[in-house]
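Here is what Swiss-Prot says about this protein:
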BINDING   976, 977, 978, 979, 980, 981, 982, 983  ribonucleoside 5'-triphosphate binding site
COMPBIAS  725-736  compositional bias 'Low complexity'
DOMAIN    58-219  domain 'Alphavirus-like MT'
DOMAIN    728-879  domain 'OTU'
DOMAIN    730-884  domain 'Peptidase C21'
DOMAIN    946-1103  domain '(+)RNA virus helicase ATP-binding'
DOMAIN    1104-1236  domain '(+)RNA virus helicase C-terminal'
DOMAIN    1572-1678  domain 'RdRp catalytic'
REGION    571-739  region 'Disordered'
REGION    860-888  region 'Disordered'
């Protein structure tokens, strides 16, 4: 420890490096050895675990391995552990020869290797099979013990009498007996199926293998016994799932307790040594505790194990919070459940933990601690606590005494009157003479000279024969001296008194209750004890013990007692009889028989599978036993050198001393992992196989001795993928087919109940009813039953019961009926039952339902709503409709009846589209100007064409729109998923005679070419296929617009208005695939509303299937595809010649085209179909792709997609495409998430329309019930005052006074655990209601200046568009002028300076990124360089010089002050924003949000200062949204530092943090001098210019105050690892991080003191702004500092310095009148003067109240603006506001009137108000939030006494 402290003191690297050199030298050899022995690259999360096992791996390896940790454990087992155990020549079994050779090089005692092929995979590991058993007395079995039964190990020892020790490695999770959940899931996982445990090492599925599920029983036995044969089992070591066991021969040693003395002494301190000891083993698991079982419930143990640290933290949290809600424990658990360290905890365990914590919150220990109290008080407390127990104990005893009187009568002494005397005269005397000893009957004994016992007569009663013990004792004592007693004065008679006197005596009386009463009392007492036990709570001690046992359980330990195992018989170790061998065999392959290596070993059922070329090492599957039938069958075909016939084996050895109740650790069953040495027998059952066996024909035709037999056995083909498409029934549930109330096949209703029905009304599918009615309740939406009941006079209940006799229950109770009500299908069934026909009058016209062969008729009206509704009777109309229909009616009827491949067109009705003249005029205007389209730009002057040019035609259309009204045209919309077949049915429709007069409009030439090819028309008809521009110039009866959403907005309206002959429009498109965006920055087409929302009501059906995409893509979207090809989703490094390339930009597309590849942009590929896999190019623009473009790219090809480019763009990070990442990782693409506002409104259909059913429902669906996420809904609004979910509310202690903490009950559950919610220790300062009296000054004299006159000519006339910039071909919008009001000058006053409005300027943040952010080159943390350390030290020394501090002196940490800072920080966070704002930002405390990730957004502001007035485009200020954890943890650190800075700061240094304008004025008047010039400085990109030296400076500042080290490390980690949605950032300053202002101010002050010899010169600093009173000399070391700085200075020598928007000088400070004048102009034109006037007035009064001296502060150029502002306030302010310009002190009532209804107040205006008014104003929700609260600053000043 002392050496470590010395190292920490050596800060300079020149001193530290030599000190560390010996340490480095001592570690070189160990690191080199570790890298050579364990060269594998181990995951960093597993490295600490391996080191804790004692494995010396450094983690610096570079070789990759699929399960590197297992490989490391295996290497340690072989080369270290086993090598140490192999002290004599030994044999090794089940190991690859190459690995054995390396092992033999480590230790030469490893002499021979024996391998046995018992599994097909063994042929890849073992080149040969050993025919005999090992010969050495020590054997090492490598990873095979889990496949062997103890009876087989016993057989091995019996076959090899010289075998003494068997070292075996066992790979089995010790927790396998608990559940299938691993305690170390990163190291291994496993599952148990029946009797098989499937083990997966480190997620490597190819290296997984199977083993018996009872293999873990090897860890539960300590010996194996068979008759007189004993084997001891010892666990030598465990490394997680790998265990080293030693099985050795011999009788186990006797228990030491048998050798101890037989009669130990009671006081023996070593008494436990003489008791039998248990053989207990334990295994390492994560630190966990076991939750108690729920009352009367059984929960699995694995689901009750939770991390101890989380449990303790949650226990403390639930009792520390003031108000606990039901959701708070769950939110606390969520914070920890996502941590990697807790991945072993099951979801049920997390659920049980939060439930356990929630339900046990009210429990508290019933204890008291009374120390300083009297014994009487302690006794009273004891009686109060234990009176029930004492009473319950005393009552039976007292009741028993009543019975004791019957058996042991006790005399009771009673007083008796013997004589009464008065005036010395005896009035009464008892007959018997009085004697003092009469009570003892001594006179009788003296006269008789016998004892009292002999004087008792035989006839005396029993109670007289038993004198009392006291009486007997007195007789024995007094009898020897009785003669002397008579002579004493005691027996002399005394002289009687004159006064009345009574003489009393004591007489013993015997008393006993009747035995009946005694029994009653005894029974009552016993009953009271019983009732006390049943109804009274446990005793205090029991409550205390139960509370701590229930709520503070101990750590869970995975341990058990090992027991001996007795086996009845042995089982053969090998499936064949081994030969006898005395010498190790030769391992060379030349000595092997040709056929032996592959055919001499039988094939057991497969236990493991390995598809990789590299077989597993530690996890490899060793040989496993096989079934009896297989072994016997294969043994009959063995070809061995010995010709001795195989004889039946001897009978197994039986054990007669097996206890009948012994635990069955290894069950004797015919499992696939065991075998028996018996001859072939018929098994009782077929064991479970992990892979299909070979066919019978193959076995019969294969010679077992064939050398190729092994390869045949090892060849198993994988199952082929299904070639048939996924049926639609697999997408949706089919309750009808599984309905138990139905019978028979699914058929149309008209076939099951044949009658004459109107067409397509009885074609719905159903089944025959098989069961009687179940009396289902009527649906809520039963308007159809009411309408039918009103017409037929049959009750609704009877109608409903009738439906239950003909339709199955699944068609009467489902989601459709619950949400939409009954439909016309049910009406058809009722019409059949009651023999009537119904006419439905709907928007589609009259429709008939029911059989036509009936004479009964009813009328029902259907209204579409919403909601839809059935009502009885016929709809009444005001007039008959016109007999003449629309010209397009015949076309629409033909479309409704048209079929393609037996399917109808997917639409319901044609919708009348009223054209919009404004939309059409917008588009034609942009076409005319060349902003959209190219027709107006075509040069036709050189051609021979006559007539108007295209531009002239467009102009004519423009003129035509000016004089012609709009019209209404029928529109039919076909919409569906990509590749659903929207185009093909329309192409077939257009080939019919009725639709021959058509034309097609396409967005691209590629799509037009596809139409031409598909229609196959004559060349003269090619004019019918057009691009979207040329189509407008042509005319036809029918217009088909393909990909309508890729057309400009307003195109539908323009096409209809431009063609008077047009009768019908058919539009095709998918609203999910995006819409048109103009490439011209001057186009105004984007100002029109989106066509996706405008055309959405025309979508009757959305086809949710595809004929194009392959199955792999269909699974992503969860959609049915008719394309049977599986397809691919992969990646390529270079494009293929035949594959189309899809790019993000036109430039990339042109590049690939020039390189010889077929390429187009993703957007332009919409509508195209590719046969080859589409190659998607990934580049920097991929992350900006919209969801629509991502959908287009993934659905273009019939074969799949391949990504080309950096994999980071599909890695699921901030810089990748979310949809591409889901596709690349085979994750489901949830459409509701990518299209939240559009997809839920689409009415999906999942299969083509085979019938055009006129089905009507009783309600209108709000969204299709198909493919809807159940969680897709808006969260309910919960009032902020909601308290019904409170579980507990802890009261405030009486001595604490009123509660000063703010409410936290409204905080999001994920944020509440981050609050300490500590009560402040300091008393809150009283709220001041006084106003600072102004100093008496002479009123300033203003030159006359009319505000309106100056404002009229202030703004020069200019074109605002010239001040905008282009970003990615899109213009910025910082100078909006269109439709903006103006009254002061010729243009809106808002054009004075740039306005940052992120909501109206999409380019604001993207265009500002390069200027405001600095990015790291990679995701790696920012590296602190040596220059950063040196510069940081220099700045720290300069900062200490500024504060007159010693750099080497540290300040002790003050915990009490830091606790106050925590409370203050939480107060600031809760009071700076409204409760609604905090709740709306609940995502800031999301546990899934990494604390190193910040969200960058643009600050909305209209900044007006000298630098922005009349300026051009300006980059916005970026704000960083950090996790609440960062703000609440590091915020107190900054406040803690600020308190010490306020104490140490010299008076000549001014920091503007938390200061009011009046304080600024006072300081200037006190410190600034009249010397000129003054040095004002500002920096360019100050935040971005701070690099690693700022982190070093901040860390040194915190170390000086001894801030806890973990907080310093957190700060450094955040600064060096910060990342955003745009990429990783350097350690630049972020506006929004804790202490931004303080750190910037300190950095600025440190730079100033590094540059100048300041001395006592007045200095003003505020962030990056600074002011020095007069020029100063430069320090000698400034050049060395300057060369390391990255700052860019903007020094200014001026006589009128500007600081924080105020002109300052010895006279005080005054607000910049030029900026204030501009703000007033903007407020007037924005019509916001009433909201802002008060703020501007209070800022103006700061300088106005200086009097005549204010003119010394202003430049001459600003005098007119100061006068104009004064003129403005005098003319525009009401009288009570003008009083603020007076020198007199404003009264509180006046200020209350002024601020009665504020809506907008600046920070400076708030500073000038009293505290009472500030608190009243901040309580109003409409006021803005301030990052710096005056109350917080005032509270900080109250904490200064801690450091004084």
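Placement of Cβ uses the backbone N, Cα and C atoms for every residue, glycine included.
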Number of helical, extended and coil residues in the domain 'RdRp catalytic' (1572-1678), per DSSP:
43 helix, 23 strand, 41 coil
Binding-site residues compared (978, 980) - the one with the fewest other Cβ atoms within 10 Å:
978
Beyond 976, 977, 978, 979, 980, 981, 982, 983, what residues of that chain have CB atoms within 8 A of the centre of the ribonucleoside 5'-triphosphate site's CB atoms?
1070, 1103, 1106, 1107, 1108
What average pLDDT is reported by the model for the domain 'Peptidase C21' (730-884)?
82
Give the sequence-ordered list of residues that share a chain with residue 977 (ribonucleoside 5'-triphosphate binding site), lie 6 or more positions from it, and have CB atoms under 8 Å from its CB.
1070, 1072, 1102, 1103, 1104, 1105, 1106, 1117, 1119, 1195
Please report the number of other Cβ atoms within 10 Å of the Cβ of residue 982 (ribonucleoside 5'-triphosphate binding site).
22
Counting across all protein chains, other CB atoms within 10 angstroms of the CB of residue 979 (ribonucleoside 5'-triphosphate binding site) number 24
Measure the Cβ-based neighbour count of residue 976 (ribonucleoside 5'-triphosphate binding site), defined as the other Cβ atoms within 10 Å of its Cβ.
23
